[in-house]
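The structure under discussion appears below in the form of structure tokens.
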Protein chains: 2
Amino acid sequence: MSDSKKTSYFSSGFTLGILGGGQLGKMLLYETRKWDIATKVMDPSKDAPCRLACNEFVQGNLMDFDTVYHFGKNVDVLTIEIENVNIDALEALEKEGVEVYPTPRELRLIQNKITQKLFYVDHGIPTAPFSRFAYTSEIDDSLDHGGIQLPFVWKSAQFGYDGQGVKIVRNRSDLRDLPNVECLTETLIPFKTELAVIVARSRNGSVVHYPVVEMEFHPEANQVEYVLCPARISDKVAKKAIETALRVSEALEHVGLLAVEMFQTREDEVLVNEVAPRPHNSGHYSIEASFTNQFEQHLRCILGLPLGNTDSKVAGVMVNLVGAEGHEGEVYYENIEKILSLRGVTPHIYGKSVTRPFRKMGHVTIVNEDMEEARKIAGEVKRTINVISKMKV
Amino acid sequence: MSDSKKTSYFSSGFTLGILGGGQLGKMLLYETRKWDIATKVMDPSKDAPCRLACNEFVQGNLMDFDTVYHFGKNVDVLTIEIENVNIDALEALEKEGVEVYPTPRELRLIQNKITQKLFYVDHGIPTAPFSRFAYTSEIDDSLDHGGIQLPFVWKSAQFGYDGQGVKIVRNRSDLRDLPNVECLTETLIPFKTELAVIVARSRNGSVVHYPVVEMEFHPEANQVEYVLCPARISDKVAKKAIETALRVSEALEHVGLLAVEMFQTREDEVLVNEVAPRPHNSGHYSIEASFTNQFEQHLRCILGLPLGNTDSKVAGVMVNLVGAEGHEGEVYYENIEKILSLRGVTPHIYGKSVTRPFRKMGHVTIVNEDMEEARKIAGEVKRTINVISKMKV
């Protein structure tokens, strides 16, 4: 790419394509607007959060070869905000000179959780022991013969977005509810906490990483409830988590962000759980807390710009806003005014008109000079705001 | 307004109207998108920065009664990002139940610089001595009779946006270039520095203020070159500036933001220069540096939400990006990649396709734990980036 083309990110004649128009894309669009970078977004839903703020919005099936191919032909750089896209089309586009980041090779490896697991094993990256199955129905046999033991974590090989496709299996009857698909089972690791490190790697090869964050999960919904940055862990464990994340990054040679999710075991070992090749829920705190937020950083990576400083200005805690149980219908953010009166509280509303139990509807960031205070306020936020529907009887 | 209507800011059925679609409106739209608040924007230019990210964009003349009136009839709350709008239309809308903030009364008072000056005098608010003239041509007479002395500051009564409408007159020939309009002349105050305080006042009457910022002006263009927060002044002067700004705020009973620009004289007196009833260039640093940025704060005010914390997370310096002299045509941001490699540097590109000498094309914020370091990097930013047109011969 010539220099004159490179600088045109900031003027006319350059278009960034984004596959997926959900909340991650929406937050990426704040940054493209900030830098006046022209964007074209495709999403299957005409009401996708990205329908505004892009220069062109296209409704289309992200898994369809022709749709993705034709969309990508008219952009200069193509990125994604969701992994489940037609990778064959991305490969064809890449061959024809479109810059696709993350690369199709990287996406193919990550999209299938079995391939991802084998990649960790091949590169000596610590991860929980696992077994692979062509169909969920084959697991019974393996239990019969002692190949695996209850309880375990079941993961579908494909389409594991947003807590779907992952299930803790405690007894055989839990297996009955699962789809009969290619899958893996993973030893249930008793862990102290979950950690994540976002690594940013530019297309020119330079690498920076964000601080280690700590994730607290909702015990039932298997969704993150709080993300804390920095994680409240020892320097030794933090160092280990960062080294592990950088090893994954180096082995993968990704371009763009890579969110590396890890378990901190009871023995203070660090095991890689899974990775996401894009801006990630565990990095949302960075909008308010970091010198360079993850969305701007992703742009810097895929456009080959110098990477930004990943330090935090203040401590940050993020609370996911998910639909309350028992509520389905037009969304209502009960008590949102109340949380706005708390110090350092910023709600982000994704703009989905309908709420469903555990659906990600937004998030709230709490920043403070002091982490303990931020976490305390985050608890208050969590107890105060409710994502409900008034249509409930 | 009923509670159910109030909470609908965050769901469907509520629309915020914005008169003016320039850079201030564009930055306000980041916040409406963050909270998924539906917006309708009107601007005379079809290529206005706000054409994206609003729910509906209307091209129209902001000074035309019918155009403004019909635009405003279909929104719930109406705000402005530029003072020069048809106030008669706003008054009609207000009478018919549209919530208009800033109020037409407040806008009328501010829109005319003579009325604004008389307001300060009436309320005992310190300001530079001045004389008023129905026409610029009458100034000669006053000079002849010793009514005023050279040099002085000439200000047109109307339309004083963005450095236009203000001129330092050092000799009689300077007067020849000025439009023959209603105007005032102001004693040229030898000042140490210019300060500004942004006061936020909610429609429910609660008030908060941002820290005092310090402004460094370009010596010729009469445009701000650097804004520093916090100002490098004594606590005593800071206290005086804040008290003065709060007095203006209280007297004006504004709703929304009020940016109060002041001179710090050689004797450490504080004189009010002028005010702006909206998000202001002197508050752009707040996007990166403050707990609550000025645009979110403006929304909080006009929607009657609790006001946000105005503390800074880090020191901030803002550099205006204005078109270089001798360049007119399609804009090119020379060396923007270079400034992106400096620590804590965030460029904002407003998205105007054509540059002209001294036209505001964007700004850059530099944040740092240490103000001296931030100011140093800001100087480097200023020396490095150039807003030019390649079409120059």
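For all residues, glycine too, the Cβ spot is worked out from N, Cα and C.
Automatic prediction, not curation, is the source of TrEMBL annotations.
According to TrEMBL, B:K113, B:E186, B:T187, B:L188, B:I189, B:E194, B:N273, B:E274 bind ATP; the candidate from B:K155, B:K167, B:K240 that the record adds to this site is B:K155. Closeness to chain A is evaluated for the binding-site residues B:K113, B:E186, B:L188, B:E194, B:E274 by Cβ distance, with values under 8 Å counted; no residue is counted.
Counting every protein chain shown, the number of other Cβ atoms lying within 10 Å of the Cβ of B:E274 (ATP binding site) is 17.
Non-local contacts of B:L188 (ATP binding site) by the CB criterion (under 8 A, 6+ apart in sequence, same chain) comprise B:P151, B:F152, B:V153, B:I168. Residue density at B:K113 (ATP binding site): 23 other Cβ atoms are found within 10 A of its Cβ, drawing on all protein chains shown.
Binding-site extent for ATP: residues B:K113, B:K155, B:E186, B:T187, B:L188, B:I189, B:E194, B:N273, B:E274, maximum pairwise Cα distance 18 Å (rounded to the nearest whole number). In the three-state DSSP reading, B:E274 (ATP binding site) counts as strand.
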